[in-house]
Structure formats: C-alpha cells, structure tokens
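Novice: Structure incoming, see below.
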Amino acid sequence: MEAEGYRTQLTWSLLAVAFLTSFGSSMLYGYNLAVVNSPAVYIKDFYNKTALGRNGTALSGETLTLMYSLTVSVFAIGGLLGSLIVGMLVTRFGRKGTVVKTTVLVFIAGSLMGFSRVCGSPEMVIFGRFITGIHSGISLSVVPMYLGEIAPKNLRGFLGLVPSIFIGTGVFSAQILGLHQLLGKEEHWPLFLSVVVVPTFIQLMLLPWFPESPRYLLIEKHNVHATITALKWYRAKCNIQAEIEEMQDEQRSLSSVETLSVWKLLQDDTCFTIEKLGRRPLMIGGFAMMGLCSAGITLALILQAQLSFMRYVSVCCVVGIIGGFCIGPAGVPFLITAELFKQSHRPAAYIVGGSLNWLSNFTVGFVFPFLQMSAGSYCYLVFATICVSVAIYVYIMIPETKNKTFMEISQMFSKKEAVLETQSLTHVDQLKLKKMNGYGGVEHASLEFNSSSSVP
C-alpha cells in the first residue's frame, strides 16, 4: 500500500520541475566547480601571452599561479554574494520567480567567457566566473527550497536529492567535455567555459509554465486560489484541503513571528537545537566515501611509481569522491535547511548555510594550488580528515526525520524543549531538597551563590 501511495504522489509535474531546476541551475554549480581544471594550462598560457602583449614582459610563475587561483576561487566569492542576497530575492520574487529571473546572469557570464580570447581580456574570464558564482550561490539555496516546498512529505527526500545528482552530473560532464577529443583542445576552451548557457536556455523556455510554490503563495502571499491551483498541478490524488489546513496551521503559528534576519536567526536559541536534524545515512555514507577515497588518492599517488596499476586506483578514487559527493554532501545539507526551519526562518537560514559553503569553496579554491605545491601527494589527507570527521559528527549528533511535515518537525522540537526545561526544573528542585536535608557542601555552595547574587 505504501509503495502504491508513492507512485500516485509522484506526478509528472513534480518530476519536470525537479529536472528543469536541477538541470538548468544546480548542474551548473557542479560544472563550474570542475570546468577550469582541464584547460588550466591553456588559460595560464592565455594570461601569459596577454601580459606579454600588453607590458612586453611575461608573468612570473608565482604571479601566474596567483591569477589562476583567483580565476578558480572568484567563483566562490560570487557564490558568497549570491547566498547573501537569496533571502531578499525569494521573498520578493518567490521561489520559481527567483530561479527564472536569475538566468540572465548565466547568459551574461557565458558571453564574457566565450568572447574573452577574441577580446584578449583575462578580466572577462575572471568577471564571468564571478557572475556564474553569483548565480550558483542563489541556485544552491533556492532550488532545494523550491523543491522542498512543492513536494509532499513522503517525497521530500527524493526530490531533495535530485539537485545533488545533477551537481555530480555537472562535475562529471565537465570532466568528459574536457577530454582532448571533445572540448579539451586549446582553441575550444572559451566554448568549454561558456557552454553553461545551453541548459539554462532550456530551463528558461519551460520552467515559467509551472506554478509557484504553494506554501509561498499561501503563507507569504495569502493567495488561497493560487495555492489550490498550484496543488492541483503538483498532486495527482491527495486531500488538497488537508495540505492547505497544514499550511494554514503553520501560517497561524507564524502570525506572531516576524521574518528573521540573519542576525536574529543567530540569536534564536531554538535554531541551534533544530540544526541537530538531518538525513543520516546519506550524509554519513557520502562523507565517509569521500574521506576514504581521498586517502586512497594519496596512497595511489605515492605508490604509482612502483606499481603501475595504482594510476587506475586513483581514477577509481576520483569517481568515488564524485559518487560520495552526489550521495549526500552535494544536496542533503540544503534539503536539511528546508526541512528544519520555519517559513519565517528559512531565507535567513539559507543565507547562513550558503555563506559558510561559499567561504569554504573560496578557501579550497584559492589555497589548494599552493597546498599542492608544498605538500605534494599528501595534500589530499587534509580533505580525508575533514570528511571522516564530519561523518563521525553526523553519526553522533544528527537523527533522522524523514516523512514528517514541517509542523511535525516544529512540534517535535517544542516537545524536546519542554522535556529539557522539565529536567532543568527537576535538577533545581533536587538541589533545594539537598539543601533542606543539610548536605553541607551543597548548602554552603547554595548560600555562597545566594549571597553573591544579592550584591547589586
């Protein structure tokens, strides 16, 4: 019966929206992460020739490495900016509206990078990477938010994984297209960087025909008619009235709660408790696989001079890292954010999570070339340690909350806070009883506390 309900809930419109948003937005993030790896030599040569033509002198090795690191990491700076403005955009334009309107950034970036060699301008490559970063920073937050709000509770995890699958597909596509037989030749690298406009164009042509998030339409726009229309699009056979009532319950619970800014979110004590939820198996498995494969790459690089088959082991480890990234880390953290925070908290939560993600991206992109020069084959042990540590943290701290509505998750934490408050009061009562029973150590400590607290 449960499997039958699953099939009736999974409609073509849900799949189409998940595919279009992930294909035209999320996949670009993965593609742009890896696209600069294959043509690195050609990009550096372009920078060097341009400097030679402008100044009459070539760039030094350190300057060339610095410019290439900037080209890689400026993508993360743009992503940080995009994650900071996503809250304002989704509130003003809606979830789908933000996805559609920000496609213009991809076309601008694609044009800059595509014509950079013709114009002899390395600045166009760097600025184009910066703009693609802005788009990816917005997309990484708004796509999981959109899919999390249109999905029924039993499909939220499935639809939430679609963006992560496409992120991994983007990384894999960049590796394949970067082969010398395809776009890996020197004359093709500007096209290789700008091919991102193709999936975005397909998204722009089709996505506007689908409705906005029903939860956004009802809770933030108070448009019941549009909400019912959107639910009819996204549901096959379900009790629409029950879903609307659940949204209205959340709306009533938020009637006295203002939309939180980032600063107010960080000051909200309940948010730190809520962050202890998540999709445990995917996160643990994904990070553990990435950690083991990172250690495997180190071992393969050390031994490949003695053992020829180790080069194939390193290739398998690279594929394993991409697979582990797709399993959980690529998309589950953003799914968790959509599940754990109320409607009023959600935009600010995505700003915080997205900012931390992009700061980490910038750090890795900028530091890795220098780390690789100094540590050599052992540089991947840094990432192995981090991945394994996160897997252990998730195993210890994060429980599972699948198949729960937003209100059920909120109520679960309300009960948890009530239990913690009861335990605290019980502990205080026990201290009072000990004091009355004449336990000297506790009595003296209590008296000392009381006397100190009476001092103005």
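For all residues, glycine too, the Cβ spot is worked out from N, Cα and C.
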Novice: For the record in TrEMBL, which of the ranges 32-54, 124-146 is the transmembrane segment one?
Specialist: 124-146
Novice: Pairs 6 or more apart in sequence, C-beta under 8 angstroms, 3 or more of them: is that satisfied by the transmembrane segment (309-336) and the transmembrane segment (66-91)?
Specialist: no
Novice: Looking at 66-91, 98-118, 348-371, which one has the highest count of Cβ pairs under 8 angstroms to the transmembrane segment (12-31)?
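Specialist: The stretch I would name here is 98-118.
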Novice: Please work out whether the transmembrane segment (124-146) lies in contact with the transmembrane segment (348-371), by counting C-beta pairs under 8 angstroms that are 6 or more apart in sequence and asking whether there are at least 3.
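Specialist: Yes, since the transmembrane segment (124-146) and the transmembrane segment (348-371) share at least 3 Cβ pairs closer than 8 Å, they count as touching.
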Novice: Could you give the residue numbers and ranges of same-chain residues that sit at least 6 residues beyond the transmembrane segment (189-210) on either side and whose C-beta is under 8 angstroms from one of its C-beta atoms?
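Specialist: For the transmembrane segment (189-210), the list is 13, 16-17, 20-21, 23-25, 27-28, 31-32, 35-36, 38-39, 42-43, 46, 96, 99-100, 103, 106-107, 109-111, 113-118, 125, 128, 132, 177-178, 183, 233.
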